[in-house]
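Here TrEMBL flags 64-125, 137-170, 832-893, 904-937 as domain 'Peroxin/Ferlin'. Sequence annotations record features per position, and here TrEMBL assigns region 'Disordered' to 407-484, 1175-1208. Positions annotated as compositional bias 'Basic and acidic residues' by TrEMBL: 454-466. As annotated by TrEMBL, domain 'PH' applies to 625-735.
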Amino acid sequence: MSSSLLWAVDVYGRVYTLSTAGQYWELCKDAHLEFKRLTSVQQCCWGIAGDHQVYLYMHCSDVPIRCQEETYENQRWNPVDRFCEKLLPSDRWQWSDVTGLKHQTLDSFRLPSEHWEWEADWYVDESIDGEPTEKGGWTYAIDFPATYTKDKKWNSCVRRRRWIRYRRYKSGDTWAKIPSQDDGPLPDPFNDISVGGWEITDEPRGRLSLWAVSLQGKVWCREGIHHHNPEGCVWTEVMTPGEVVQISCGPSDLVWAVLWEGQLLVREGISRENPKGSSWVVVDSPSTEVGASHVAVGINVVWAVTKDRKVWFRRGVNSHNPCGTGWIGMVGEMVMVNVGLNDQVWGISCEDRAVYIRQGVTSSELSGKTWKAIVVARDDNRSHSESANSLVSAGCFFSGEVRVQSQSSVMNDTESSSETERSQTAQSTSPTHADAMKRRIPKVTSDSFISELVSDKERKPGRDGRDDQEEGAPLEQDQKSVPQETSIELLSQSSGQLGARESQWSNVDLEEAQTPLTAAASDTTETSSLSSVATYNLEEQYGVDEHPLWAWVCGGGCAVDSHTHLNWFNTSTGVSSSVQSMSLSITPAQTAAWRKRIFEQLSERSKRELENFRHYEQVIEQSVWVKKGIMQWWRDWKPNKWIDVQFALEQFSGSDSNRDGILFIYYTFNDEKKYLHAFINEITILVPVLNDTKHAFAVYTPERTKQRWPIRLAAATEQEMHDWLALLNLSCCDSRGIHGPPSKQAIWSTTCKGDIYVCEPAPNLEAVPYPLPCDQMFWRQIGGHLRLVESNGLGIVWGIGYDHTAWVCTGGYGGGFSQGLASSTDNIHTQTDVKSVYIHENQRWNPVTGYSSRGLPTDRYMWSNVSGLQECTKASTKPPSPQWTWVSDWCIDYNISGGTDMEGWQYAADFPATYHGYKKMKDFVRRRRWARKCKITTTGPWLEVPPIALWDLTILPCSSQSSVEEVSLWGISNKGDVLCRIGVTRQSPAGTSWLHIGTDQPFKSISIGGGYQMWAIARDGSTFYRGSVSAENPAGDCWYHIPSPPRQKLKQVSVGRTSVYAVDENGNLWYRQGLTPSYPQGSSWEHISNNVRKVSVGPLDQVWIIADKVQGSHSLSCGTVCHRVGVQPMEPKGHSWDYGIGGGWEHITIRGNSQEAPRIVMPVPAESALEKSGCVAEEGGGDGGRTASNSSVLGGKEEELNGNAVSC
């Protein structure tokens, strides 16, 4: 997980950030601004400064924020002037938008604010639907509006062309002031602000809801905030039943506010179509005696603070019941609380002004368990802390001895079944000590956060039992400044420590110091002030050893869960450097090196001692080891069913230390005992199988691979299955002598369920004319979970997860279920991945009820998968495997091909048919897709490469002996931006940063060849070539549009040394002809095969694909690894396919295999060659032979897909 930031404001208005991977509070830029409130998400932070204006802090990214502006130039033909700007009175404007209804000339476009800049001047878009137009970019039609084409016809009376210009957001990593209102009433100065709403029913990515409260108690909502417009457009007032003093917005549809009188408001009716909601509901304060002063909401939680500093948790809150059911009193007294990602809670203690984190917050226990202080120093005082160490502990006394954390640092909750029950043991200080504390610390009231200093020691306690200034009492006017050499030490100590010893630090009384202060008189028990955190005009705000006094904290963009490792609690600043140097810390890498050295020494010693006994005969020539178990086996013949069997693995090693083994399956058929067996050295792969009720895995051999029918076994428990898989994998690797991490030449692949497999290529894999058959290749599993993997001959391996997170291989091996000897001891890290599970809701129209869930008897299930053949309801649909857990609820998916209406429905004439997002007269059926996210946590040799999410990537293919210093690596973000990775080397495979490459439209596939040929596919299916890419100019110069195959839209491209292959959306494989060094774009496309899902072209122009509908002896299989046979320099297209492992495979990369195969020249008579070709074609189409002809990956009727070991 990439690092994220916790934001905080101290009582002097300075903004600090604390990274989840850091150990220090870092002072934010623009220190001259003094802030009062902050609200953040992962990509940005909003704040209210001392001038009551709203500011935005956007994190800089390697991918800039770009927005495309477009306008259309329209012309009509007449006999005199031909095509010109003279239009008919009924025509559209000469310069208009795409609809023609809005007049917009080139000079009418203005930048939204001073924080934007133009990238370049206007230029003409010379493509239409992925096809290049004639020079000038004109498209023609009969009349306005109509269907436009690139070809000019005899009846083309009008034409138009599109002009494009990009603007870029330039105010990154700085506080940018939000521009004032251009039209309508200007909002009052703001007092509170809150951002959220990015998870409102699958809201488009980047959209946010920003809520604000003005000094007049009005509520405002900022509209139009999204990725391409981070500032938003306009403020809109939201009417409320009373004056509001504070508001909180959650990631989804929760919005709560606090009224002046102490009651709470809940916004109802928030949805994707109405993000501002429809109405308010009043909720009483948690306490009947005092009103609420602060509220914080998350996804399914609401926390509140009352005016007596008590903390409350609202139970029963969810999207269907935003008001909840009741309040539960929690232990601790806080000034304010804030809820962030994963419903994690932060707070500021009213006792010591330290930031606390709520520990133990999980999806099953949203209220958490304890409060724990965040104990870290400030980054600007690190140099001081090295010379003057102290115990920096929020809530602990600053003494000179090392001791454990005091009781005031961690507050534990007590069990309580009553909603109003409050633990009296929560107060860790006596009243006397509490009064002393309040005289020492600048105070920020919880109801209004007015910053005031308590300078009157003799004041009487207020009505709520705390020291407070009487209503209407004037502030001290006779005050003097503090000398600059005076250092104010702020102390905090538990009651037990206060009575046990005298303070070793003297406290400078704030009244005697007589510092000019800014404060406001208020009654904190009954009313709430409109002001926010004020600024203290102290010359020296903190001493060297003091912890900051915080006024506000925000964790809206801080990703922390119960498994996150944080370095926020173990800062040993109070321990001297000499003591620290005495502590020993042995890292896993040191342990692994130590073990390896000991093993080598023992091996050398054994060789020396056994040297004198070589002439003796071996007493034991062979050792045998057997492991048995009870499992279930999927019977090969009909009726197919699971039957109980005895399972045994017999391993033996000979005198030459070679290990081998046999796998036995003993079963009973017709009261007769029989068995199956498979030699360990013949097993080619072990694949875990997705099954809701069984913990199953599949065993493949070359013969079983040809048949598409593996041996399927099921264990009683998941752990037992993993133990057997680890043991069998280790045995298979031992029998082949494969140990350690994958080689640089390895072939990587992934299944459709995210498992990662690697194969060590044999030297004769690409031999001509007799290559190694694909079904004899051995694949071993590597820990982790990825959607695709790319590699090159230097050992640089990258991957992309289903959540578009980029990962780089660390050089380790194992992970996942592989432990012990089957996994490396170092370079194994935790990896997470998130994917969506989809189901479809189907309805049919009838004249009585309209669209309903009552279908015809021949219809598909009303809740089904995408094919409609399997019933899938919300209740019955489970995560893909037990390793996955749900992390969200079911929601409507609007991002589906063909578009949807406002409710997510797609319409068609019947099931199945082509769906569209609007209703026609003859549409009698409709469907909509529901999505739910699930998460997996595993281990593997992968490290995350933050922060940009990727859709595709490519690495420069080169040999292992290549002298390339910096490897060219390109990627496409999930938004379609093209990126070039800087600083990728053998020593640093992760690189340093991304370089953004400008494009006119979003891309979806990219590939670079061995000669730096760069090809890419846009999302509209058009093809592009990047010119002038080289080692000296890794970014290239410009894009050249390449025509796609006729009436086809490409979706993926792969480039080798001299070959370019592409796959279109219909599964056709195309080869680019006419590629020469002087004309690298080529001349035309040639069709090679069909039923292709993915293609990978290696550094030697090897061609490997993932094919669908491959015929086996029992069934068809989808997702099969295939190798193109006969590829030679004079015949780059090859002549046939060789089938390998499958089905259920999703991706393969051959781009790391650069070893040349030995070539054997054997003349073959022409007649024999023709006869052989005929036999091969007949085999491929008939009984599931290994090779197929050139025209098609397979031919034959569709059968039941029983051959898939991994369900796609």
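Yeah, the Cβs are placed from backbone N, Cα and C, and that goes for glycine too.
Because TrEMBL annotations are produced automatically, they should be read as predictions rather than curated entries.
Long-range Cβ contacts of the domain 'Peroxin/Ferlin' (137-170) within its own chain (Cβ-Cβ under 8 Å, at least 6 residues beyond either end) map to 58, 64-77, 83, 91-92, 99-100, 106, 109, 111, 115-128, 131, 230, 998, 1000. The helix, strand and coil residue counts that DSSP assigns across the domain 'Peroxin/Ferlin' (137-170) are 0 helix, 16 strand, 18 coil. Within the same chain, residues 202, 563, 754, 785, 830-845, 851, 859-860, 867-868, 874, 877, 879-880, 883-894, 896, 898 sit at least 6 positions outside the domain 'Peroxin/Ferlin' (904-937) and bring their C-beta atoms closer than 8 Å to a C-beta of that stretch. According to DSSP, the domain 'Peroxin/Ferlin' (64-125) comprises 3 helix, 24 strand, 35 coil. Sorting the domain 'Peroxin/Ferlin' (832-893) by DSSP state (H, G, I as helix; E, B as strand; all else coil) yields 0 helix, 26 strand, 36 coil. According to DSSP, the secondary structure content of the domain 'Peroxin/Ferlin' (904-937) in residues is 0 helix, 17 strand, 17 coil. DSSP assignment over the domain 'PH' (625-735) gives 27 helix, 57 strand, 27 coil.
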